[in-house]
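Only one structure is covered here, and it is reproduced in the block below.
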């Protein structure tokens, strides 16, 4: 009765109006699962391949019909007949069927859509919530959210090099309260921006994209919003930055060129100067987490940054690790970073995603479950965050339904768990020594 009888993919749109995949899986019993695949704007060069059609006459070349066809005409016939509860077996079968190290033949988007749909169908078959199916009886930790309320870099037209300025309500007693705090700060920030005559249009991830006078102006304005909402920076609410440094790193000159986003007169920093600058920010502001502070291929820079700041602040590898255990294993061995960002479409299956989270935890690294800038109404990452007791999640600002869908799912999960639910706040940053 739990045998897969049908697999079907279709092309749908993501939050940027670009095509992506939606996959449905059916079983003999009538159990059903649907998965939708996100897409990134600033992507690491080592990520699994997102298969696009390349036909400029259709969606500007971004169509996903090839990936859809790979699901319907290749993958389907290989996994029909599997027990839907055999997640690892199905994921491994798809990896073998693709046969490439980066899923470039079938497309990571095709494989991931099936992987998510299989998990959802299994949960439906067993009549349990997805987080419970994936995590088992010890599922209980609601993640501390990192809310991207200022969008810069490749996520907006704002002239700021850093891609994300986040608030982290780690001092809240529950996830529900953390979400309320974040929403109140978001609205306080909007009021401050209006008073300054700055833009309140939002970027890809729902954060504002104003024309700040550099990084410090952005951070200081957020601190004012935290205080205006009635909270204490560095006690109730902390700051997080996603530098996305690979987006403005000049590999030929080996410098971090802020002029790419901030224009003439902006800083151009060597790796050593980049580390010095990040240290200045950490010493000046209540920053608790920095993502991709160095370029994805600057291993020496990452090691130096970790040696300098690794005990004070969370250093998250996104483009640096691309949710890949091979890169993470190297990072652990070389003491580079102390946290990994988890993006399901960087690696392409739930099995490999869970492997990366497990490896990180065993090494004392934190794992931050994350959305992509091109999202859908699919809320699977909320369930993954709770299922793995990851303790941290990045899923955008307090606007745009594609972001709010994940927050609302976490509210439901917290409500369902009842007294068992734990919100660990600062304790979720167990990689810090201070």
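Just so you know, glycine gets a Cβ as well, placed from its N, Cα and C.
When secondary structure is read from DSSP and collapsed to three states, residue 205 (active site, proton donor) falls in the coil class. Look at Swiss-Prot and you will find 205 tagged as active site, proton donor, backed by sequence analysis.
Around the Cβ of residue 343 (active site, proton acceptor), the same chain contributes 38, 40, 318, 322, 323, 370, 371, 372, each under 8 angstroms and 6 or more positions distant in sequence. If you look up Swiss-Prot, you'll see 343 marked as active site, proton acceptor.
Marked as (2R)-2-phosphoglycerate binding site by Swiss-Prot: 163, 343, 372, 373, 394.
The number of other CB atoms found within 10 A of the CB of residue 291 (Mg(2+) binding site), across every protein chain shown, is 28. Swiss-Prot lists 242, 291, 318 with the feature Mg(2+) binding site, giving sequence analysis as the kind of evidence.
Under DSSP, residue 291 (Mg(2+) binding site) is assigned to a strand (E or B) in the three-state scheme. Among the recorded positions 205, 242, 291, the ones whose Cα sits within 10 Å of the Cα of residue 373 ((2R)-2-phosphoglycerate binding site) are 205. Cβ-based crowding with a 10 Å cutoff singles out 394 as the top-ranked of the binding-site residues 372, 394. DSSP classifies residue 318 (Mg(2+) binding site) as coil under the three-state reduction.
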